[in-house]
Amino acid sequence: HTVSPVNPNAQQTTKAVMNWLAHLPNRTENRVLSGAFGGYSHDTFSMAEADRIRSAAGQSPAIYGCDYARGWLETANIEDSIDVSCNSDLISYWKNGGIPQISLHLANPAFQSGHFKTPITNDQYKKILDSSTVEGKRLNAMLSKIADGLQELENQGVPVLFRPLHEMNGEWFWWGLTSYNQKDNERISLYKQLYKKIYHYMTDTRGLDHLLWVYSPDANRDFKTDFYPGASYVDIVGLDAYFQDAYSINGYDQLTALNKPFAFTEVGPQTANDSFDYSLFINAIKQKYPKTIYFLAWNDEWSPAVNKGASALYHDSWTLNKGEIWNGDSLTPIVE
């Protein structure tokens, strides 16, 4: 059976990658793509993390992440927080056998200069959703720059794991909850409207047909599926999971019940002190989270390169690394 992207007009390569990813759990080995975060564009993004992983593990990550929206950084004009200069590296990564993931630590359109972590009221949220307001125009200016960057990748035939509005069930991003594990049904509805607005803008208005849409709540908060915008808006579901015990990550059963391919879209130690053992994580995937199709480990102190078990993680029989996705011009064979 063929698993297609939610965008019916998806490019052929994007369709092929989606179907290939969805079939990975049917394999007996070579079934979980390794991944690493390369940093925030125009601040820390570089190929240095890939180099560190290669030095520590002897392999390169199959998936490499960039964040287009450096919202932590205050800028005089909010659209200047968007930077797509990682594109050239992502294009090279794709051409050399990897797949890019793009996330968005979006600046807060309620303010001219970002205020990335400032909570907003639901009334402010509504203004952001309204294209006729100052706040709505700020959002649209950012989305336009993001779409321009994504268009460059589409022009080069590069499919993208596109992961907007992540960790929405946490209380630290403006698009998510405002209080720890306090359900807010109006906020959940507004989030879904925002996600769908971004989906329709990228897909319909801008005609971007190379995106695989990734929904990724936080593992350490409740309401993981409450924000789910619907099966017709999401290709892959995942968890952003920072933990000490790889065998007790919350949310796998809830997310896999959505019947979409599942990934650990961010992973790392909850306490980053260089003592985390990533070999336990791949073992936990095999024993407890076997539907996992990829993981993306965060950089800096969360990275496998500065913790334990990097080589075991990257050399496990289940792990697929850069250069192991394709046979020549074809994806490696699918197991039905």
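For all residues, glycine too, the Cβ spot is worked out from N, Cα and C.
Note that the structure is predicted; figures quoted are calculated from it, not measured.
Record features (TrEMBL):
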ACT_SITE  E167  active site, proton donor
ACT_SITE  E266  active site, nucleophile
BINDING   H105, W172, Y242  substrate binding site
DOMAIN    12-323  domain 'GH26'
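Cα to Cα, W172 (substrate binding site) and E266 (active site, nucleophile) are separated by 16 Å. Other than the site residues H105, W172, Y242, same-chain residues with C-beta atoms no more than 8 angstroms from the centre of those residues' C-beta atoms, the substrate site, are H166, E167, G170, F173, D218, D240. A separation of roughly 8 Å, to the nearest angstrom, links the Cα atoms of E266 (active site, nucleophile) and Y242 (substrate binding site). Separating the Cα atoms of the residue listed as 'active site, proton donor' and H105 (substrate binding site) is a whole-number distance of 10 Å. Residues H105, W172, Y242, recorded as binding substrate, reach a greatest CA to CA spacing of 17 Å. In the predicted model, residues of the domain 'GH26' (12-323) average a pLDDT of 95.
Under the DSSP three-state reduction, Y242 (substrate binding site) is assigned to strand.
Y242 (substrate binding site): 18 other CB atoms within 10 A of its CB, across all protein chains.
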